[in-house]
Amino acid sequence: MKCLIYVSLFLTVQGAPQRRDISKLPLKMPQVSPKVKDTYLCHAVETSQQNPTYITGFVPEANKDIAHHILIYGCTTPGSQDSVWNCGEMAHTTDDYSSAGVCGTGSQIVYAWAMDAPSLTLPKDVGFKVGGDSDIKYLVLQVHYKNVDSFLPPKNGKDSSGVTLLTTSTPMPRAAGVYLLGTGGSIPPKSVEYMETACEINEDIVMHPFAFRTHAHTHGEVTAGYRIRDGKWTEIGRMSPHKPQMFYNVTSPDIEVRRGDILAARCTMKNDESRTIQIGATQNDEMCNFYIMYFVDGERTANSHNCFSAGPPYYYWDNSPMVHKMNLKDAPQTASLIPDKNVYLKISSPAHPGMSQQDVTLDENVQDRRLVRLLDYLNNAYGDPDYYPPL
């Protein structure tokens, strides 16, 4: 597993304009052969402990017909010392690989890809600092395999899906970070459901969001994210997950997020099936994720990297502990308006509106354990295991 990143150093002539020297660093699966669909595999590389490196761009090298999605995590320690391991704790396990979490300690998301999203270049003077004195000592590549037919007999193929990182040794004056909003929960049969989450920023930090990304499976129609300040809602981004799941420019280019602001997201889901759809790790499940990529002046990014709620039927904005700060009467109706179609989806699930925690009847032997397990999985997978709103 100990693959060490070395970045070439270039000399700059004193007095000449400084040139940012870009190196290409491939972060790819080492010729793996997953045998079961919905397998999650992880592969780690160790960053240089002597000199920090700054990631300024991402070039995906993957096919959506094989890879359902790809994530790059920054870890203080990896989940395993093996070269490749199974890191899909709620998906399928396999005897071909040992099983462990993505990170052992210090988990944060650096990049996400799906649906043949194109390359991403960060704004001028912005980079993810890795190695050196940063908290990111390892980069871990996670690939969720959608289709494994090409790896089975008689083809017996190998896979090297991954991402080429554009890096520089030149220090960046602005540090990049990713903040993720997501939910647990379920979608009743034949219904439209709102999956919502919201968290207050409690750090002395100024975040400058510059890009956003949505992620859902087949039932996601539109996902939207907002900053709420003094009861005023400002859109960070809104997109249909059926579009390429790339990082898009934020709706409000000069938006800032400060202490006391609330970050909120909603995934509008439409379930035409006759079964209940659960949030989970396989293609038959769903996901509700809204990613915010941001920068800060200097090096200190947010300590908290995500905000998860239990989702429906346990959590909605209108039973959030912060509902008195959210001014829901002014929440934008466009949160559930499908972009480019001008189609508004109104919630129709029987649990809403106004379902309080006291009104929820849980089967103590089944539903409660499932909820706790799901929240543990989501927060262990994405970092900050204690950071999600109370039920």
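Cβ atoms here come from the backbone N, Cα and C positions, even for glycine.
As annotated by TrEMBL, Cu(2+) binding site applies to His68, His69, His144, His215, His217, Met287. The disulfide bond feature in TrEMBL is assigned to Cys42-Cys87, Cys75-Cys103, Cys199-Cys307, Cys267-Cys288. If you look up TrEMBL, you'll see 27-149 marked as domain 'Copper type II ascorbate-dependent monooxygenase N-terminal'. What TrEMBL lists as domain 'Copper type II ascorbate-dependent monooxygenase C-terminal' is 175-319. According to TrEMBL, the feature signal peptide maps to 1-15.
Structural mapping of features recorded in TrEMBL.
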residue: Cys42; record: disulfide bond; Cβ contacts under 8 Å, 6 or more apart: Pro78, Gly79, Ser80, Val84, Trp85, Asn86, Cys87, Ala100, Val102, Val140, Leu141, Gln142
residue: His68; record: Cu(2+) binding site; Cβ contacts under 8 Å, 6 or more apart: Asp38, Ala114, His144, Tyr145, Lys146, Gln283
residue: His69; record: Cu(2+) binding site; Cβ contacts under 8 Å, 6 or more apart: Ala112, Trp113, Ala114, His144, His215, Gln245
residue: Cys75; record: disulfide bond; Cβ contacts under 8 Å, 6 or more apart: Ala44, Val102, Cys103, Gly104, Thr105, Gly106, Ser107, Gln108, Ile136, Lys137, Tyr138, Leu139, Val140
residue: His217; record: Cu(2+) binding site; Cβ contacts under 8 Å, 6 or more apart: Pro241, Gln283, Asp285, Glu286, Met287
residue: Cys288; record: disulfide bond; Cβ contacts under 8 Å, 6 or more apart: Gly182, Thr183, Gly185, Met195, Ala216, Gly220, Thr223, Ala265, Cys267, Met269, Ile279, Gly311
For this session: Mind telling me which of the disulfide-bonded residues Cys103, Cys199, Cys267 has the densest Cβ neighbourhood, counting other Cβ atoms within 10 Å?
Result: Cys267
Seminar exercise, completed: Not counting His68, His69, His144, His215, His217, Met287, residues with a CB within 8 A of the CB centroid of the Cu(2+) site are Ala114, Ala216, Gln283
Exercise. Taking all residues of the domain 'Copper type II ascorbate-dependent monooxygenase N-terminal' (27-149) together, what is their mean pLDDT?
Worked result: 92
